[in-house]
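Feature list (source: TrEMBL):
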- 44-464: domain 'Major facilitator superfamily (MFS) profile' (DOMAIN)
- 43-66: transmembrane segment (TRANSMEM)
- 86-107: transmembrane segment (TRANSMEM)
- 114-130: transmembrane segment (TRANSMEM)
- 136-159: transmembrane segment (TRANSMEM)
- 171-193: transmembrane segment (TRANSMEM)
- 199-217: transmembrane segment (TRANSMEM)
- 282-305: transmembrane segment (TRANSMEM)
- 317-339: transmembrane segment (TRANSMEM)
- 346-364: transmembrane segment (TRANSMEM)
- 376-396: transmembrane segment (TRANSMEM)
- 408-426: transmembrane segment (TRANSMEM)
- 441-460: transmembrane segment (TRANSMEM)
Amino acid sequence: MTRLRIMEMLKRRAAAARFGVGRARTMLTSIKGFWKVCRYGDLYMVLAALAAQSINISVGFCQGFSAVLLPQYTHEHPNITYEQSSWIASLGVISNPIGALLGGMMVDAVGRRLLLQSIVLPNLIGWLVIAFSEAYVFLCVGRFITGFTIGMSTASYIYVAEITTPEKRGVLSAVGPGLVSTGIFIVYFLGAFIHWRHVAAICAGFSLLTPFLMYFVPESPLWLASKGQMKEAYSALFWLRQNNSTAQQELMEFTKDRKTSENMTFKQKLGLFKRRNVLKPFALLIVFFIFQEMSGIYVILYYAVDFFKSVGTSVNEFTASIIVGGVRVFMGAVGACLINSFRRKTLATASGLLLGVAMLGAAICDTLDGPPLIKLACILLHVSFSMVGFLQLPWIMSGELYPQDIRGVMSGATSCCAYVLIFFNIKTYPQLEYYITSNGTLYLFAVCALLGATYCLLFLPETKGMTLSEIIRQFEDEKKEVDPEIGCDKQNKIEARPVQRRHSAGAAVSLEKCDILTPRWTQKETAKKMAVHE
């Protein structure tokens, strides 16, 4: 018996040792797999995109601050008029167009990375002015300065669009609106418990995050290649992809005939803005933005506390605003997941339809004096549905639809027009509510959202899973024209040869070499053979 027990014990120990060795091997394999993903996968690209998108947290601070500032400030200063309150809210928007135009011109001149780092200056100064303001005028000045941050931050969408692969561009671009919602939620939460001056001081300290993170990531390879800095562009691509062959192949895709643009006259450069592939996406985006602003998304954002107070819900208005902020954060994450699974047109149409129905439900409930909780639920549904397409898609597409040579300027011009619309919407909301009542504004928001859904279904272009070159070619007059991203003539190909390369995710992709990428000795030999054959 003793011998049998000893043998059983030895067997158990041997089995345990084998199990331990198996677990150790499995763990080692997992570690090796994780390291392989980190070394050759998309990790570096994701980190760079998140570093650029971190500026959107500060954008959320700017957009949500007025909702917590106005109730506290009007309580401290009862003599402040309704007109002055609207200026405090809208001055955070009126400087957005200026920042967007300035950023659009600077992003092509100094680069995407340096511009995102320089945003810290107006952001930090504006928040400090607000935190230490003793008079109404200085409060307005601070709000005006912080508005530059919102306008210039659209460079983050350009940067993300240019460093990411088509498969990852949608979800990484959608992170931006999600981080805006995160910033709004943080401000709403802080404003419910601490003084608005302390909230402004926290926002000022947080503005240092983006320049710190952007210090560790490279400049956009596409911008570097457009400036002729091919060595730096290759280094940036190699850092992002962590793969030598992939970096070389993508650099060839980025290569364009710079001599043509360098020898252009000023009149010819102005003619770039008259092209069909510039004017058509600009018009499509502006109309999309009009329906977006008139659907009430930004009114609820900037007047969250006052909006719930005027609409009349059974929940405390500060608590309701915090709930709205939390819902935005959660649905922003949901929207980022959905954007990789559904077409852009499908998401935008469904989002507009659902948020229109939700706002219509709130308006009918208000008309019939229904339960306040149902009204609050409808408004929360409106906020939720806006985050899965209608809110984020026009901002994402403003960094996708324009040609590389004027992408920065046109993205800035589009954002400028969008911010003018937002300012008009925010500034006129108090007067609109006064003339057509809060119930009438709910009906107006519902109708505009439903019209916007119809517009998206009929006219919105599709960009899901497409390269930037393929997106731009949708708007060309003829399909056989110069490729706006590569710069090679589609009609003058020697031979379309498939070239296999591996993405960072490991998928093989077939590319076609143009004659601008083919060695000259090969072109000469081909020409000789054709002449002999003839």
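Here the Cβ of each residue, glycine as well, is placed from N, Cα and C on the backbone.
Residues of the same chain lying 6 or more positions beyond the ends of the transmembrane segment (408-426) and with a Cβ under 8 Å from any Cβ of it are 86, 89-90, 93-94, 96-108, 150-151, 154-155, 157-158, 273, 278, 282, 285-286, 289-290, 293-294, 298-299, 302-303, 394-395, 398-399, 402. Put simply, of 114-130, 317-339, 441-460, the stretch with the most CB pairs closer than 8 A to the transmembrane segment (346-364) is 441-460. Using the rule of three or more Cβ pairs under 8 Å, pairs at least 6 apart in sequence, the transmembrane segment (282-305) is in contact with the transmembrane segment (376-396).
Of the Cβ pairs linking the transmembrane segment (114-130) with the transmembrane segment (199-217) and spaced 6 or more residues apart, 3 or more are under 8 Å, so the two regions touch.
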